[in-house]
Amino acid sequence: MLLSALLMSVGINSCLCVLFFILYSVLRKQPHNYEVFLPRRLADGTSKRRRNKVARYIPSVKWIWKSWRPSEKELMESSGLDGVVFMRMITFSLKVFLFAGIIGVFVLLPVNCFGDQLTVIDYADWSANSLDLFSVANLKIRSQWLWVHFGAIYLVTAFVCCLLYFEFRYIALKRIEHFYSSKPQPEQFTILVRNIPSTDGSSVSDTVDRFFGENHFSTYLSHVVIHRTSKLRSVVDKAKKLYKQVKHKKPVKKKPMRFFSRRDTPEGHYENVLQEMEQNIRLGQAEVSAPGKEVRAAFVSFKSRYGAATALHMPQSINPTYWLTEPAPEPHDVHWPFFSASFMQKWLAKILVVFACLLLTILFLVPVVLVQGLTNLPALEFMFPFLTLILSMKVVSQIITGYLPSLILQTSLKVVPPIMEFLSSIQGHICHSDIQKSACNKVIWFTIWNVFFATVFSGSAFYKLSVILDPKEIPVKLAVAVPAQASFFIAYVVTTGWTDTLTELFRVVPFMVSYIKRSFEPSDDNEFVVPPMRYHRDTPRVLFFGLLGITYFFLAPLILPFILLYFCLAYIIYRNQVCMTHIFYSFRFSPCRLSTQLRFGMQFMNVYAPKFDTGGMFWPMIHYTMIFSLVLMQAIAIGLFALKKMELATYLLVPLPVCTLLFNEFCRKRFMPIFTAYPAEVLTKRDKEDRNDPRMPEFYNNLVSAYQDPALLPLRFSGSGSRNDSLTSPLLSSSEV
């Protein structure tokens, strides 16, 4: 790839950056776009769809410095610890590549440029030079300048490991601080108990109550037995959807809905439809709640956090297959379909997920092979001779080799996160946060394998398999293959990296959907849902660019300025998306009118609302991915120095990956226990504080029903003329439906 193709890609994407920033600064001010660019503010209920008509069309960059203003404490209050961890990941990467960029651009890049292994640099026409001239491939075998790269590898490894240690320690302490500062939460006092043994003549509820009343008599509070409600839940969801359509006077498909009843519903009488469905739902709730219909699992609550932790970590029975315990998720985070599946269904689902991931990996080789074909113009001319005249045009060849391959790969990757999220949802996780973490982990390794390794080893599938089956040759083969793809990954960072961050700012898909919906029907503020942060989509993307930067910082230092610029864009844009703005500076909000629906108090975010909070559990995944990136870089360096006949440097680099793995094991032993469970001194301290809290009796009363299945809660869709008895009196008002 020539430098001219890279410069063209940089020029195109720089123009896109400027255009997107201008469009965003104008479109975000339009009242009908608030639900796309400012949904969190609109959901608060205090924002008004009005602005000065002239100011609405004047581009402004005030949103950039406003996104810089909130402190980390304010971010914690609005987005939880997960939002802090995500932003710390970006600032960590900025620190790493600022340090590596100084070494790479001002030390390694000049050393590479003045090598003479390849052709001499054409100083008269810089754009005609190959990008390989700026890489380590331009240094001769046994060149003494390679010792500069050797020192840079040790320096960057030491710097990254020091940062990882301090970040891991900081997040661990933040996790404890977050626990101390949070109000009592149901999941802190509750555990999930599975494999409850059957007892003749006793229901599951009686068995649980008797067992924990006898063995945890001083701390046991209550329990909620779980039922299989998947069929009932689907009908409740249909009823809620129909209710919303009728409430907002939308066209409804005239199709009678049946559940436990075979009576046809007269068309057009939706009030009667809702009354009938309401009665059918009650019959369904009574059926699934009948004795013998329970799942042999229950949420068990305790009077103290320490009591819940004791029951969680202590074996409950002589038979280790009974009374299995695990932490309870947040009540709104529970993935209720998990409990409706049988053991055989869960086991088959796990096998299906493995085969589905393998199939997706194989199918994804098609766009990878297509991308590699586009980067090889001679091969294209050989396979398609009729394209020779078109490919000989300089502009066309630059677009095909520099911009189009990355664009195809980026488009193909868009479908991966939703697929992985679906596969994780059927894998047997009890909460949505675990589904997100599992999907995030799958997307990370899928991206590393299919984008990095499949692109690097761009030969046949048999060649890729031979690389795996001969592990002794992996460093050498990586040292040959990875530098050869440096130009492609530089273009990939410029095109895919920059474009992804801009589409995140512009929210292209929600914007298009909102525009199409407005074309057919008027917008309603009560209909839209504030989007949650998709960690399984954004975290792997950021980590992959971190892997590219660490891997190529000594091979092709030219990639570092583009990586650094990517993280600068990501920092600004994600601060805008996930950080809050004080109400005193936006939309003229009045503090006394602030809605009480927000979870985190007097501040709010622009776009994303936290759907759950794992307490920073994404950081270990980030840490391990960075360790893998370091070890991969060191393995490539060992192979490179072996190819360059630098025997002493090769031997001196061998201990580096070993030390990196030992450092990782030290961090795992030192900090992971805090992420696994809270220490006893932390739990007992909070329990002692709660003894003097006058709000605890009310909390315990709410805790009894906190884990009630939403499908079993009474609903009322009909009018006020309904009978006010135990069946019709709603626990969930129509505003909550």
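Positions of Cβ are set from backbone N, Cα and C atoms, glycine also.
A TrEMBL annotation is a machine prediction, not a hand-curated record.
A quick note: this is a predicted structure, and the numbers were derived from the prediction, not measured.
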Correct range for transmembrane segment (source TrEMBL, candidates 382-404, 658-680): 382-404
Within-chain partners of the domain 'CSC1/OSCA1-like 7TM region' (603-641) [C-beta distance under 8 Å, separation at least 6 from its ends]: 37-41, 43-44, 70, 74, 77-86, 88-89, 136, 146, 149-150, 153, 157, 160-161, 164, 167-168, 171, 174-175, 178-179, 329-330, 332-333, 431-433, 436-437, 440-441, 444, 448, 474-480, 482-483, 507, 530-533, 535, 539, 543, 546-547, 550-551, 553-555, 576-583, 649-650, 653-654, 656-657, 660-661, 663-664, 667, 672, 675
Number of helical, extended and coil residues in the domain 'CSC1/OSCA1-like 7TM region' (603-641), per DSSP: 23 helix, 4 strand, 12 coil
The transmembrane segment (85-109) vs the transmembrane segment (347-370): 3 or more CB pairs under 8 Å: no
Per-residue pLDDT averaged over the domain 'CSC1/OSCA1-like 7TM region' (603-641), given as an integer: 86
